[in-house]
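J.: The structure follows.
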Amino acid sequence: MGNDISKMRNIGISAHIDSGKTTLSERILFYCDRIHALHEVRGKDGVGATMDNMELEKERGITIQSASTQVKWKDYTVNVIDTPGHVDFTIEVERSLRVLDGAILVLCSVGGVQSQSITVDRQLKRYHVPRIAFVNKCDRTGANPFKVRMQLREKLGLNAYMMQIPIGLEDKLEGVVDLVTMKAMYFEGENGTQIRMAEIPQHLLADAQKYREEMIDAATMFSDELAEAFLEGAETEEMIRAAVRKGTLAEQFVPVFLGSAYKNKGIQPLLDAVGYYLPDPTEIENTALDLDENEKPVVLGTDENAPVVALGFKLEDGKYGQLTYVRVYQGTLKKGEELFNTRAKKKFKVGRLVRMNSATMEDINEGGPGDIVALFGIDCASGDTFCGENLNYAMSSMYVPDPVISLSLTPKDKQAADQMSKALNRFTKEDPTFRSYVDKESNQTIIQGMGELHLEVYIERMKREYKCDVETGMPQVAYREAITQRADFNYTHKKQTGGSGQFGRVAGFIEPCTEQDYEFDNQIKGGAIPSEFIPSCDKGFKEAIKRGTLIGFPIVGTKVTINDGQSHPVDSSDMAFQAAAIGAFREAYKAAKPAILEPIMKVSIEGPQEFQGNIFGLINQRRGIIISSTEDDNFTRVDAEVPLSEMFGFSTILRSSTQGKAEYSMEFAKYGKAPASISEELIKEYEAKRLAEKK
């Protein structure tokens with residue numbers, strides 16, 4: 001391969017919106033010699049930053065889709081994955097985090113740790129991504145990197161230590177003092193490309209000494225050698241770096257760097273830090289799930305000769321067709337080789353293999369462990385795993401939660417209708433939690449997803465990317481129906497229409513079952529129903545549970561047992577027994593006391609402690625049950641279970657009740673029985689709708 005894997009870094013730049021993330025990516029590309037002119041995100045020259053290559057991102061100066069770019073810095077190869085900063089795009093962020101080995105957490109030296117920094121940090125913790133922090137915008141009025149360091153400790157609970165201190169702040173920012181080498185660094189020349197090393201200015205010496213001792217003292221936790229040397233005043237730069245690296249990889253130490261990407265100060269030492277302190281692909285344990293062994297976890301190696309395991313983490317519609325970004329975990333992915341998509345259970349051939357540098361690409365022949373490459377023209381979905389010979393692994397669980405909310409879409413005109421189907425086709429491939437279908441009865445297009453916000457993002461993207469104007473209906477909750485007791489049936493289906501008629505009788509009972517949505521048990525003895533018609537009965541029952549009679553939603557948790565029946569030598573047929581089963585089920589269903597089930601969501605709300613009372617109030621007003629509430633450092637986190645139907649418009653209400661300082665996340669937990677008052681209302685609405693349709 002020629003690439004030394006220990007010199008390879010896969011990093012993401014994670015941040016709150018507007019903390020200067022894209023500008024930092026741009027500078028990294030510049031100093032690593034990837035682009036020859038610098039562009040600002042909202043530049044005067046009308047050329048947006050290189051990493052933001054989706055039109056909408058350029059226009060709004062935010063980053064939505066993660067582009068990946070490979071750069072060389074000294075003897076390191078660095079893949080920079082630009083992650084979205086908006087909370088609404090968290091599926092993108094989480095996907096990017098799967099493929100990162102380390103991250104740079106960017107913070108604004110004025111704004112500090114903001115609500116979204118908390119979300120991003122929580123995701124980094126969940127995926128165990130070691131990080132270094134960069135306090136950006138130190139040239140701005142009100143800049144205070146020391147305050148930001150304290151917030152990293154207090155709000156995020158990170159063991160953060162300064163690796164540098166600033167030489168001047170705001171418009172007097174000249175450079176930084178490196179606390180490892182105890183030298184001052186000034187960034188000079190056009191675009192700050194020349195670094196001048198000098199002695200530390202006299203007035204900063206005491207501060208430098210203080211912060212250096214703090215940092216080394218913390219690093220001695222990870223190195224006995226450093227602890228001994230420090231006591232004797234004999235510590236070396238190598239010892240300090242080795243200890244800080246060890247702490248960072250264990251996620252127990254966060255080195256803090258600072259500068260101003262816009263003013264080209266502090267970027268080169270940050271790039272050095274990526275090499276010094278962030279992990280190479282061999283230092284991170286990646287696990288796959290063995291689908292042949294009931295999703296048993298398997299630890300992947302980084303052997304280039306092992307069978308290939310790779311993850312397609314990002315799809316893009318380019319001018320040359322679908323582009324799939326892939327992270328190789330083990331083995332070598334070669335052009336022309338055959339791979340197996342474990343979700344689609346399909347083999348495919350690797351045609352063109354490229355390496356992306358933001359929007360330009362170079363053709364390559366192979367990619368080894370730790371590499372990030374892109375494939376052309378492969379039909380796959382985001383999150384698919386590609387394996388080499390005889391492996392059936394998935395990088396993430398095949399479990400995709402069922403959507404809990406749906407919305408009808410009506411295109412404004414014929415052109416919008418064409419664009420809408422293109423957009424939906426692409427979005428459903430990109431995001432496994434987003435689905436769409438056409439409702440047979442109303443002939444409307446329905447989209448489904450994990451929450452209100454989730455669907456809003458896609459409607460917005462349709463307008464922008466596909467110039468497609470749609471009208472949206474009211475959000476609909478995915479209810480279910482279920483029986484609550486056993487009921488018997490004995491039903492005869494008889495139809496005489498000249499020629500051969502239809503005849504079939506089925507008898508048995510239905511009862512609730514908790515293990516699965518539907519179970520069929522055949523207890524027929526002595527051929528009361530001929531064996532060739534048993535599957536017809538099963539088919540009929542399956543058809544019957546698709547729509548309940550209370551409010552027309554699917555029926556879950558039902559076991560059907562048949563134990564008797566009757567057939568006719570001429571008039572019995574597949575269709576006759578299907579019809580008999582449907583009739584039998586409907587007859588028993590009314591007697592089995594059916595109930596309506598509603599989706600219950602697990603809601604987590606985080607916000608300042610002073611709003612805890614308001615948060616409890618909001619949950620109680622929504623028929624919610626508080627499961628736990630924890631406090632740490634002026635912050636409160638409340639976990640609750642709340643019916644989805646009560647959560648519409650919640651983000652706006654939460655913002656106004658907490659001065660915009662709280663945020664929430666929500667995921668599907670379970671189905672629960674709807675209270676009688678709610679059920680009665682739903683049944684009334686359904687009956688009124690049916691009456692209106694008949695007219």
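Any Cβ shown, glycine's included, is placed from N, Cα and C.
In case it's useful when we look at the structure, here is the feature table from Swiss-Prot:
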type	residues	note
DOMAIN	6-282	domain 'tr-type G'
BINDING	15-22, 82-86, 136-139	GTP binding site
J.: Once the chains shown are all counted, how many other Cβ atoms turn up within 10 Å of the Cβ of CYS138 (GTP binding site)?
T.: 26
J.: In three-state terms from DSSP, label ALA15 (GTP binding site) for me.
T.: strand
J.: Quick one: give me the count of other CB atoms within 10 A of the CB of ALA15 (GTP binding site).
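T.: Neighbour count, Cβ to Cβ under the 10 Å cut-off: 26.
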J.: Can you check how the pLDDT averages out over the domain 'tr-type G' (6-282)?
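T.: Averaged over the domain 'tr-type G' (6-282), the predicted model reaches a pLDDT of 81.
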